[in-house]
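Notes follow the structure.
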Amino acid sequence: MPKFVVVTGGVMSGLGKGVVAASVGRILRARGLSVTAVKIDPYLNVDAGTMNPYQHGEVFVTFDGGETDLDLGHYERFLDVELPHRNNITSGQIYKSVIEKERRGDYLGQTVQLIPHVTDEIKRRLVEAAGGFDVAIVEIGGTVGDYEQLPFLEAVRQLRLELGGDVLFVHVAWVPILKTTGEFKTKPLQHSVAELRRYGIQPDAVVVRSERPIDANAVKKISLFAHVPQHAIFNSYDVDTIYKVPLLLERQGMGDFLVERLRLRGRSPDYGEWESFVARLSAPSRKIAVGMCGKYVELPDAYLSIVEALRHAGAALDVRPELVWINSVEVEKNPDLLPKAGVDAMVVLPGFGKRGTEGMIECVRYARTEKIPFLGICFGMQLAVVEFARNVLGLRDANSTELDPQTPHPVVHLAPEQESVDVLGGSMILGNREVEIVPGTLAAALYKASLTVERHRHRFEVNLAYVPKLQEAGLVVSGWRRDVKRVEIIELPAHPYFIATQFHPEFKSRPTRPRPLFLGLLSAAVEQSRR
């Protein structure tokens, strides 16, 4: 039977509970243990696919096509695993499943209630997700005291009752510091633990989030009022990169605590590659300004995996990518913003809908004509095709039918399999697809392979009817879907580095295994800057 580490949060949201959960997993992975991770989101949405990026941040796409919470991205990057969509559990999924079972008659006439039917469904899914692993990390989203959390807290309380010492509770809470006196105030944390105990859960360990390291007096107070031994109180204070958090907690003894408390057999921890990555990340020899052009740039979390993929590539190249966020809506109003941005490379980001797209197209044009290394991702590739069709091929009204259904030159249009789709949720082209790479191209040089498997999330595609004309004008299609004829990668050989993809390369980037397209972008930017 696998062990469970359940991570809860208190005092306020946005503490980095997901990073702590991922760090716990990294600590156990460093000991050679097999680890998976589950994120519980108490909202009633079935998944994150239709949620506003400003509310939810990035939608992380799993290999099997799940549209999930961005914390699954943290888990995959820290644990170096690929997680299935079932590892993101929402209230919407739970209630939908219970109601469907009731309609089928699975409950044999019982009165269906939160306890036991909803809590049993939650436990069933947790045990299913944990199957075959030594340890499952379970993060419960939200803050203790939220109404939406109650069924999940009750379910993990029951899980502890049933499995005993195979379930360990870690509570993450904020301890502010009063700047006028320099005193750490532990009362909010004490109250959040008291609230957790009201639901029958006593934390086994506490992770204190704080701006700077807490003092011994604060540890004593937390131990006394939270009823947690001092050796089980850990401090995740602010650091310059989230990738230092596992090392920080390891130095405080969390690894030994987890192994002893859960009765695990693990080897001596090995952080060799991880420490090397963190060292390179923290002390690069040069900086590169990377323009990030998109429509949701006020909330960088909307592009979290792309940001992390650039950091991974930067660490490998001894370069720090300094991100310059470019609001495409503002570019529409004032294209002169682009020369003033002073970027060494340009990424045109994913997105949906008409707002701000002309500004994104202008970012493509600027990068193409000024010979700035360029990477377009998903929507960014589609808009790169639109820009090329307008300004090189001479089709002035070229567009995507997503943006202008009546365009006379639909160089991007709805994928055929999407024409009969009548629901938004979970209906896009999602998850892993095989991409064949054309020999002799930039893509082939970057990937050093003839085939790659990449994750997708889109409805629209390049219109094959226009591909011959685009190619005649100098655009090269360097990647095709293997199972259907679909453009996956485009590039411009006459440009120092201009490449764009229909797929999302960022979702498979790992700290010690950066993806080729991001390495290529930063390498080209470094080479350009030397000139």
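For all residues, glycine too, the Cβ spot is worked out from N, Cα and C.
Taken from Swiss-Prot, the feature CTP binding site covers S13, D146, Y147, E148, K185, T186, K187, P188, L189, Q190, K221, and the record attributes it to sequence analysis. The Cβ neighbour count for S13 (CTP binding site), using a 10 Å radius and every protein chain shown, is 12.
For the recorded site, S13 (CTP binding site), the DSSP three-state label reads coil. The UTP binding site annotation in Swiss-Prot covers S13, K185, T186, K187, P188, L189, Q190, K221.
The domain 'Glutamine amidotransferase type-1' annotation in Swiss-Prot covers 293-531. If you take every residue in the domain 'Glutamine amidotransferase type-1' (293-531) and average the pLDDT, you get 96.
The region 'Amidoligase domain' annotation in Swiss-Prot covers 1-264 and is backed by sequence analysis.
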Inter-residue C-alpha distance, S13 (CTP binding site) and P188 (UTP binding site) (nearest angstrom): 13
K187 (CTP binding site): tally of other CB atoms within 10 A of its CB: 12
DSSP three-state assignment (helix, strand or coil) for K221 (CTP binding site): helix
Nonlocal neighbours by CB distance (under 8 Å) for K221 (CTP binding site), same chain, sequence gap 6 or more: T186, Q190
Largest inter-residue Cα distance among S13, K185, T186, K187, P188, L189, Q190, K221 [record-listed UTP binders, Å]: 23
